[in-house]
Amino acid sequence: MDGSGPFSCPICLEPLREPVTLPCGHNFCLACLGALWPHRGASGAGGPGGAARCPLCQEPFPDGLQLRKNHTLSELLQLRQGSGPGSGPGPAPALAPEPSAPSALPSVPEPSAPCAPEPWPAGEEPVRCDACPEGAALPAALSCLSCLASFCPAHLGPHERSPALRGHRLVPPLRRLEESLCPRHLRPLERYCRAERVCLCEACAAQEHRGHELVPLEQERALQEAEQSKVLSAVEDRMDELGAGIAQSRRTVALIKSAAVAERERVSRLFADAAAALQGFQTQVLGFIEEGEAAMLGRSQGDLRRQEEQRSRLSRARQNLSQVPEADSVSFLQELLALRLALEDGCGPGPGPPRELSFTKSSQAVRAVRDMLAVACVNQWEQLRGPGGNEDGPQKLDSEADAEPQDLESTNLLESEAPRDYFLKFAYIVDLDSDTADKFLQLFGTKGVKRVLCPINYPLSPTRFTHCEQVLGEGALDRGTYYWEVEIIEGWVSMGVMAEDFSPQEPYDRGRLGRNAHSCCLQWNGRSFSVWFHGLEAPLPHPFSPTVGVCLEYADRALAFYAVRDGKMSLLRRLKASRPRRGGIPASPIDPFQSRLDSHFAGLFTHRLKPAFFLESVDAHLQIGPLKKSCISVLKRR
């Protein structure tokens, strides 16, 4: 039956049944609209699926629109049916189904269904048909981006038969059809803008993106799928770098926690010792007070008893004399003699009160200790929190250095031949910063650099070297231990560190790596290794090694260079200021290079440092090592 007639439903291609007129003027069967929008409801527009739209013109309906039967059109259809068999398209009973019928479309697959649903992966719930009755929905075969609904093979029939629906875009079943619509125009996303890298509908393509390079989504997907392997490879590399960075950060966190626990234990132990010393001093002072009190009380109480006894004897002798009868001369003489003897026995001066209590000076001694302790606590706290008085920063006291020496195993590993795995715990990923590269340096990604004869037109940058063929690594270092490796491919090269705030516009004689107090390096001059700092050079007797390890130790203010061979690390030179001997005598008074280190090297660590590289000869070429436990790959000369 031709579905283009004025009295036919564009969905089922049958004569209109219970006709409903939409605001745009198009007519549909009420049951067909209910089957097309089961998730919106047959009697209203809007809902969780988004704004309803006309299946023909795609005009959206206003929220809350109630679909009602068009009585005039219904009566016109009845009159048309009664005018004769030649005028009506079919018998009358087929035109008036019950309004309560859930759907006018068949609910079972027909033999002529356009396609069958593909099997879904095990354990995954398939997308259900939106036109099937609720509770008995079949798996969907396709989703319509125009109708915003999914259909099983049976309910896809109208999209195959109706000319008005054949232009709808059918895609494999989608769970969230709303994500395939333009949020602004509520139209299907069918185009891709390569300029702004967004998916567009036709309205967006004709308005905001006019003049941009627009391609179909399928074409862009095919192109992006070809690049997918490169993107995934880059993602894997970045994840590896992040994994190394995460491991390094975790080691730093663990180091901070362990150092804090150890320092907390040392402080608690020292405070306990100080408290024990104060407790012992308190016991001594209190004992001194008790001893002084007992001694002085013994003397005073003995004198008190003697005076009381003498007074008692005098009182008794006087009383006895007063009781002698006047006629008894013998008793009178005897009692008077006894009174005189008692008087003479105590007539000497007794000991007076003590002029000074010796134990009362105890409070003065304790007060002095308290005041000195308070002042010492304030001074030490200010020294602990305030900046150091010299450029070397906080240093260990000699007594603490003697009492708490550095771990011997770590010292031996850092200053002698050691397994490479030990240093990989401190691995740091170095990426070359193109904004610092001199115009005669060509970068290969972020890991390789080669000196060239023709200048490269780099963009202007305030951090770019202008007089020296140098380049820095990204990221500044200011604490902890860091290790990276450099592969010397060809030519004269230098590798080391440079202060972040060093001016890249310095002239050639002062701006080169190791020729100033703001940088130091290891140089390979084609014949031998040497180290440079503050304009002084110290030759090294070691043979050539194509792979050099660099270890920056902020805690010890040291920079070490190693030759890497077969998983072993051989120390080339460790740059560090020597500890002065007792009495202020320097450790190496006859070595000018070490003397320069002793006087200026620690000041380098007051700055944030960056990995630095200097390519001196015209054929110089180096590469940042991959820092993997497996053998380092041999790079071909470019």
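Each Cβ is built from the backbone N, Cα and C atoms, and glycine gets one as well.
For T72 (phosphothreonine), no same-chain residue that is 6 or more apart in sequence has a Cβ closer than 8 Å to its Cβ. Positions annotated as phosphothreonine by Swiss-Prot, on the basis of similarity to another entry: T72.
What Swiss-Prot records for 79-119 (among others) is region 'Disordered'.
The annotation compositional bias 'Pro residues' is assigned in Swiss-Prot to 88-100 (among others).
Swiss-Prot lists 108-119 (among others) with the feature compositional bias 'Pro residues'.
When other Cβ atoms within 10 Å of the Cβ of C182 (Zn(2+) binding site) are tallied across all protein chains shown, the result is 16. What Swiss-Prot records for C182, H185, C204, H209 is Zn(2+) binding site.
As annotated by Swiss-Prot, region 'Disordered' applies to 300-322 (among others).
Residues or ranges marked as compositional bias 'Basic and acidic residues' by Swiss-Prot: 302-312.
Sequence annotations record features per position, and here Swiss-Prot assigns region 'Disordered' to 384-411 (among others).
What Swiss-Prot lists as phosphoserine is S461 (among others), and the listing cites a large-scale study or a structure entry. Around the Cβ of S461 (phosphoserine), the same chain contributes D435, T436, each under 8 angstroms and 6 or more positions distant in sequence.
Taken from Swiss-Prot, the feature omega-N-methylarginine applies to R582.
According to Swiss-Prot, the feature phosphoserine maps to S588 (among others).
Residue counts for the region 'Disordered' (300-322) under DSSP, split into helix (H, G, I), strand (E, B) and coil, are 23 helix, 0 strand, 0 coil. In the three-state DSSP scheme, C204 (Zn(2+) binding site) is classed as helix. Of all Cβ atoms in the protein chains displayed, 21 besides its own lie within 10 Å of the Cβ of C204 (Zn(2+) binding site).
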